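Annotation source TrEMBL lists domain 'NADH:quinone oxidoreductase/Mrp antiporter transmembrane' at 19-159. Summarising the annotation, TrEMBL assigns transmembrane segment to 12-37, 44-67, 73-94, 106-129, 149-172, 193-214.
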Amino acid sequence: YGLLRVGQKMGVFFSLGSTVYLSMVLWGGVITGFICLRQVDLKGLIAYSSVGHMGLFVGGVFSNNIWGWQGGLMMLLGHGLCSSAMFALANVNYESVGSRSMLLTKGLLTVFPFLSFIWFLVCSSNMAAPPSLNLASEIMLIVGVLGKSWIWGVSLGFLGFLGGAYSLYMYVGTQHGSLSTFYSSFLPIKVRSFFMVLCHWLPLNLFFLNLGILTSC
């Protein structure tokens with residue numbers, strides 16, 4: 001957020017060398033996306049996905065136009081809610097199963113079907129599926145960066161594809177497949193855990209109904 005505010009006040013300085021900065025942050029986000037697809041630690045995957053999203057945000061800031069700035073503000077809010085919800089779900093998995101490894105926590109759909117549904121909602125929001133705020137933010141950021149130059153289209157395409165790929169990998173890797181034989185029992189999930197995640201997911205999607213609240217900031 002501080003980078004966003006400084007960028008609005010010092011746009012001339014941000015435009016100097018912006019090509020180099022855009023190359024670093026956008027292709028850095030692409031590399032991080034590939035790293036996400038190699039993760040087996042659930043919290044590590046979520047953390048790396050945040051780095052990839054912030055690469056697109058910084059690219060929007062260095063685009064030095066209103067689309068990039070407003071899209072960046074939306075992404076900060078949207079990904080803040082979505083990332084927090086994913087970390088909360090990862091903690092629910094850990095408390096119930098006792099492991100963060102995606103090799104051991106697979107097949108939870110057969111044990112906790114409603115939890116799997118919540119996982120699907122959050123992962124779909126993370127991959128910018130409608131009507132999440134992440135969809136609006138990514139569209140505005142892409143328009144802002146392409147407004148700077150069309151040469152960033154390839155890296156933006158990779159970012160969008162990898163964002164969907166590792167979100168699906170996270171969901172399928174934890175909820176589908178054969179149930180691990182390593183565990184013989186699972187601890188029950190408390191209702192407050194579901195309520196906590198829904199308190200993240202609902203505003204993440206309800207903001208989409210009135211984007212003027214954010215674009216007027």
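Heads up, residue numbers simply count up from 1 along the chain you see.
Every residue, even glycine, has its Cβ placed from backbone N, Cα and C.
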(message) When secondary structure is assigned with DSSP, how many helix, strand and coil residues does the domain 'NADH:quinone oxidoreductase/Mrp antiporter transmembrane' (19-159) contain?
(response) 114 helix, 2 strand, 25 coil
(request) Using a Cβ-Cβ cut-off of under 8 Å, list the residues of the same chain that are 6+ residues beyond the ends of the transmembrane segment (149-172) and lie near it. (result) 19, 22, 26-27, 29-30, 33-34, 36-37, 42, 45-46, 49, 52-53, 55-56, 59, 86, 102, 119-120, 123-124, 126-128, 138, 142
(message) For the transmembrane segment (44-67), give me same-chain residues lying six or more residues beyond its boundaries with a C-beta closer than 8 angstroms to one of its C-beta atoms, as numbers and ranges.
(response) 3-4, 7, 11, 14-15, 18, 21-22, 25-26, 28-30, 32-33, 35-36, 75-76, 79, 83, 86-87, 90, 102, 126, 138, 140-141, 143-145, 147-148, 152, 156, 159, 162-163, 166-167, 169-170
